[in-house]
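Enquirer: Below is the structure I would like to discuss, written out as structure tokens.
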Amino acid sequence: MSALKIYNTLAREKQLFTPIDPGKVRMYVCGMTVYDYCHIGHARVMVVFDLVQRWLRASGFDVTYVRNITDIDDKIIKRAAENGETISQLTQRFIDAMDEDAAALGVQKPDHEPRATNYVPQMLGLIDMLERNGLAYKAADGDVNYSVRDFAGYGKLSGKSLDDLRAGERVDVNTGKHDPLDFVLWKSSKENEPEEVKWSSKWGSGRPGWHIECSAMACELLGEQFDIHGGGADLQFPHHENEIAQSEGASGHTFVNYWMHNGFVRVDNEKMSKSLGNFFTIREVLEKFDAEVVRFFILRAHYRSQLNYSDAHLDDARNALTRMYTALKDVAPDHLPLDMTEAHAVRFIDAMNDDFNTPLAIAVLFELANEINREKSPVLARQLIGLAGIVGLLQRPAQQFLHAGLAGADEMETLIIGQIAARADAKKAKNFAEADRIRAALLEKGIILEDKPGGLTEWRRA
């Protein structure tokens, strides 16, 4: 059976995955900054790395999965002030909303979900170590900065040289930075900032910079070196580059062995932004589409590829998922455990072990669905449900999915049942024109009728 290979951003190639400790995986993913509702870009990060940890566990690894919460940030401070609420009130509200969104999408809770504000002592200890190693300095404005020029490996993740990076930077003469690429480790307090965001330190009152938060939380919960670090492609530079500089600058050795980055989400082939009016929260999307459809839509694309969001693509995902559930509607699975040596399962495993190739893995699921349609095999139904369950799909009764997503579902079901009865009466009276009219009228409402042996008629969404 195949071995897992992961595309390592740092190496720029797929590599055989070998954990530091045999049989155990330590993984960290950059989570949300909680000042607003999560958008579909966040949904992709959640689902992609949920998939990764699910597959690692299914492969027999003992996984420790950490996904942080950034609950202190300039945007958070600004939004709380605008709303007239405390930082903690704002962040808790959006943490609760994030948890609801994640649960709807079938995203399992990480083993640890550290909040940055609970790890300030660890951040201060890391900054102190960097200062002792000659990599941090206090600037004239009171901030403590990281000295990029003094870390030899800077740029190795992004593949950019210091000269190339500096060419794109503007120097602010008032910052006191030694180099325009230097970044803040500790931000000195400003008079107008609330006391909630001020901590004491040997450098004066202040709060941590964004990059130091992840380094400190990751090292505290997973150790100074761990297996996998993930996040969106937008975090590769500067955030992850700066994490490497901080963590390796403090410890003197490798921080992370495998760096994983999921691709961008675009909307109708354009960059998602509020200014373009194409910015959608998870909640807005879930008002129109079933949560499992959204998860399926995300998994149909390879995690490293660009994902293009549109209503048409979500409709297509819904139709595809409907085909799989329809295959299971009339075939109950047997009660034996999933057979990972069966031919479809082997191909599924090979796809997932090839850098989490979900498009190929889902193609295997469709092969199973097609064979179930032909053979009505309980064994194949068990295999389809079992394999799909590994990636968080097809875990509802088929009829529940096929009847879901209808506005006023209870009233609609009553109406449909009544129309099916009226159609049956019309057919008995040999009024086939009326029977056809009822079928066509329901189809216009997105309902497909299927006549079964014995005079039974079932329905499903189109």
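From the backbone N, Cα and C atoms, a Cβ is placed for every residue, glycine too.
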Enquirer: Kindly point out the range from 166-170, 186-190, 271-275 that Swiss-Prot annotates with motif ''KMSKS' region'.
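Expert: Comparing 166-170, 186-190, 271-275 with Swiss-Prot, motif ''KMSKS' region' matches 271-275.
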Enquirer: Under Swiss-Prot, which of the candidate ranges 32-42, 120-130, 208-218 is annotated motif ''HIGH' region'?
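Expert: Among 32-42, 120-130, 208-218, the range Swiss-Prot annotates as motif ''HIGH' region' is 32-42.
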Enquirer: Compute the mean position of the Cβ atoms of C30, C214, H239, E243, which form the recorded Zn(2+) site, and then list in sequence order the other residues of that chain whose Cβ is within 8 Å of it.
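Expert: Checked against the 8 Å cutoff, the neighbours are W210, H211, E213, S215, H229, G231, L235, H240, N242.
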Enquirer: Judged by the number of other CB atoms within 10 angstroms, which among C30, C214 is the least packed of the binding-site residues?
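Expert: Ranked by other Cβ atoms within 10 Å, the binding-site residues C30, C214 bottom out at C30.
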Enquirer: I'd like the per-state residue tally for the motif ''HIGH' region' (32-42) from DSSP, helix first, then strand, then coil.
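Expert: The breakdown for the motif ''HIGH' region' (32-42) reads 3 helix, 2 strand, 6 coil.
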